[in-house]
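Visitor: Dumping the structure here so I can ask a few things about it.
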Amino acid sequence: MESRIERIKKQLHTAGYKLTPQREATVRVLLEHEEDHLSAEDVYLLVKEKSPEIGLATVYRTLELLTELKIVDKINFGDGVSRYDLRKEGAAHFHHHLVCIECGAVDEIQEDLLEDVEAIVERDWNFKIKDHRLTFHGICYRCQEKEQKEEHE
Ligand SMILES: [Zn+2]
Ligand SMILES: [Zn+2]
């Protein structure tokens, strides 16, 4: 955790920004909830637990800055809410998401899996791909198991 904060601090410095205590509080919440996909409001409520003096506008500006620097990715799963997702270290591309239409769970796929598709797009559309977003909508394994159990009862 501390070494990741150090590296984010360096990324900010390189871009000409400081890791102020307010920014650090926001980064810590994102690191502590790495598996979650928090909205600005969620991040704010968690930051506030430890640093009640920090306002929503400050958290929001920090999230926008981190997005600009590609430390976090902003994503929308179709519910109109922007969520912030820490970019995995060393990841060239954004990871994929599996969104369950029954329970709302969001799982992640870290493997890229798209090399072939990207090669076709770059060749046939002469498009230099920098990143992608891929969200699958379906029924997660937990909900499938639950359904199967209920059927057998
Ligand atoms: Zn994610
Ligand atoms: Zn589910």
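Glycine is no exception: its Cβ is also placed from the backbone N, Cα and C atoms.
Copying in the features that TrEMBL gives for the protein in this structure:
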- C100, C103, C140, C143: Zn(2+) binding site (BINDING)
- E115, H132: Fe cation binding site (BINDING)
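Context for these features, please: burial, neighbours, distances.
Guide: Sequence-distant neighbours of C100 (Zn(2+) binding site): residues of the same chain at least 6 apart with a C-beta under 8 Å from its C-beta are V106, D107, G138, I139, C140, R142, C143.
In the three-state DSSP scheme, E115 (Fe cation binding site) falls into the helix class.
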Visitor: Could you check the binding-site residues C103, E115 and say which one's CB has the most other CB atoms within 10 Å?
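Guide: Of the binding-site residues C103, E115, the highest Cβ count within 10 Å belongs to C103.
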Visitor: Near H132 (Fe cation binding site), which residues of its own chain have a C-beta under 8 A away, given they sit six or more steps off in sequence?
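Guide: Looking at Cβ-Cβ distances below 8 Å from H132 (Fe cation binding site), excluding near sequence neighbours, one finds H93, F94, L114, E118.
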Visitor: Please work out the number of neighbouring Cβ atoms within 10 Å of the Cβ of C140 (Zn(2+) binding site), leaving out its own Cβ.
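Guide: Here the count is 18.
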Visitor: Ten-angstrom check, please: count other Cβ atoms within 10 Å of the Cβ of C143 (Zn(2+) binding site), all chains counted.
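Guide: For C143 (Zn(2+) binding site), the count of other Cβ atoms within 10 Å is 15.
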